[in-house]
Ligand SMILES: Nc1ncnc2c1ncn2[C@@H]1O[C@H](COP(=O)(O)OP(=O)(O)O)[C@@H](O)[C@H]1O
Ligand SMILES: [Mg+2]
């Protein structure tokens with residue numbers, strides 16, 4: 001391997017690592033706020049990519065009826081949840097969130113989808129379709145388990161993952177899709193050239209990191225999420241409901257997932273079940289960060305991306321094996337350092 | 001007399017063991033009501049149940065509304081606030097952020113919530129520490145922050161679980177003064193204490209719990225003079241706990 005190839009692999013690794021970093025950040029966010037290990041994060045990625053691909057093909061994506069169905073189910077779940085405190089205002093709020101919002105998004109998708117919207121409009125619609133799904137899934141599958149253990153929540157997460165993968169197959173079929181790159185530009189950089197797409201990926205990842213930082217550091221809502229992560233009971237006593245915190249963190253995760261899907265779709269063919277492997281690599285990075293530290297998770301994600309691209313070059317058949325084996329020494333190191341009694345909050 | 005807050009026949013169980021049995025109490029606006037009792041009497045369990053942290057049987061009414069089945073955050077929205085025994089501050093967040101989050105229920109209309117300035121006037125120490133992380137505060141400062149954070153939410157009924165726990169006598173006096181001042185603002189206070197002497201000095205009315213039930217109740221003056229209270233709580237407890245408690 002000469003220096004140019006190494007540079008090339010590093011570049012590749014950083015670009016992939018950016019996607020893993022986005023996923024790792026959402027996993028950390030969701031876990032710290034809700035204690036859910038969000039296995040279905042990868043499905044948001046796949047749904048994002050496939051939804052955009054459907055718009056690019058001039059069709060209405062299958063995620064649109066799925067959004068309506070999830071909204072209706074979430075509406076029922078939210079009404080049951082709030083049954084002891086239902087008044088007109090609350091019913092209106094739930095209906096707006098779970099029925100009117102997805103209805104409006106669906107109407108736009110049906111109106112604009114068949115006419116093959118521009119790439120920017122397609123991306124905006126894609127994000128609008130996938131983002132609320134996060135909140136709905138939380139209301140349907142996780143809010144009712146609010147008092148359950150991390151293990152039960154993990155099982156529920158696996159269940160949601162399997163259900164969404166199945167629905168992905170139903171709505172998108174078994175064929176894969178690719179979308180055009182966000183930019184065709186190729187910029188020379190010494191012996192290498194950097195694609196406009198890579199710059200978009202790294203730039204948007206940095207933008208998301210800055211936006212998350214601003215959200216947590218500057219807004220009361222962001223601080224409320226952080227407070228829930230720091231002290232669940234303390235947050236409830238301030239009126240920060242776990243339902244609100246869960247819906248919000250799941251929506252942020254779904255948004256970041258869909259955006260990641262939009263970003264990777266031009267690089268690799270995405271199938272209905274591709275998300276899982278991408279999500280798993282983000283998960284490896286999040287675990288290295290202890291599912292708690294955002295900077296550690298982001299740094300680990302870039303490392304995972306680099307290990308992956310070097311492994312793909314040196315021993316492509318064992319690429320995934322090498323990536324997932326890399327987690328073992330990290331786990332050993334973490335558990336050797338860990339406080340033996342840290343399992344209860 | 002108008003009853004702002006009323007609990008009737010409240011029973012709370014941990015599994016099969018009933019830690020609170022058939023407790024009834026009432027708090028009127030602008031009054032300080034205390035619940036006394038030895039360690040293990042069920043005071044914390046009772047407050048947690050009134051706030052919705054623990055499930056309970058019985059009726060809990062606030063301003064004519066039945067709260068018994070509402071979750072914690074709905075009770076907060078109704079105007080209840082609990083400062084729990086363990087304070088439950090946001091340890092890795094700044095004092096100022098803790099305070100701002102206290103007014104979370106007024107987000108979007110901050111002029112209705114408490115103001116940082118008012119809290120800093122009430123507890124000047126917090127102003128000096130505003131950028132410090134809550135977890136680095138001393139025990140007394142933590143209690144002040146817990147009180148200020150609760151007051152940011154403009155509660156109509158403030159419940160305090162052993163605010164004097166682990167505090168030096170001077171700070172206990174300051175905390176009790178703050179509690180007494182709430183009376184003038186029309187806030188109802190439910191004060192749980194083991195430190196009966198300090199609590200009866202600020203309270204208008206008191207309940208004494210033992211083994212999960214209310215065994216005695218009456219005006220503070222009457223309780224202070226009651227032989228049983230003096231013997232069980234004022235004599236022994238006050239003498240033996242106060243010096244033993246360091247600043248935590
Ligand atoms: N989480 C719990 N599980 C089981 N029993 C508990 C729990 N918390 C408290 N208890 C029991 O309930 C009784 C009342 O406790 P508590 O309400 O903390 O009393 P107090 O606040 O008056 O000291 C005690 O006997 C205590 O052992
Ligand atoms: Mg107690």
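Indices start at 1 and increase along the chain as displayed.
Backbone N, Cα and C atoms are what each Cβ position is placed from, and that goes for glycine too.
According to TrEMBL, the feature transmembrane segment maps to A:17-37, A:44-60, A:94-113, A:119-138, A:150-174, A:199-227, A:248-271, A:283-306, A:318-336.
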Notebook entry, point to check: Which listed stretch (A:44-60, A:150-174, A:199-227, A:248-271, A:283-306) has the most C-beta pairs under 8 A with the transmembrane segment (A:94-113)?
Noted result: A:44-60
Next item on the list: Tell me, please, if the transmembrane segment (A:44-60) and the transmembrane segment (A:248-271) are in contact, taking contact as 3+ Cβ pairs under 8 Å between residues separated by 6 or more positions?
Entry: yes
Notebook entry, point to check: the transmembrane segment (A:318-336): which same-chain residues, six or more beyond its ends, come within Cβ distance under 8 Å?
Noted result: 277, 280-281, 284, 287-288, 290, 304, 307-308, 311-312
Notebook entry, point to check: Of the stretches A:17-37, A:199-227, A:248-271, A:283-306, which racks up the most C-beta pairs under 8 Å with the transmembrane segment (A:119-138)?
Noted result: A:248-271
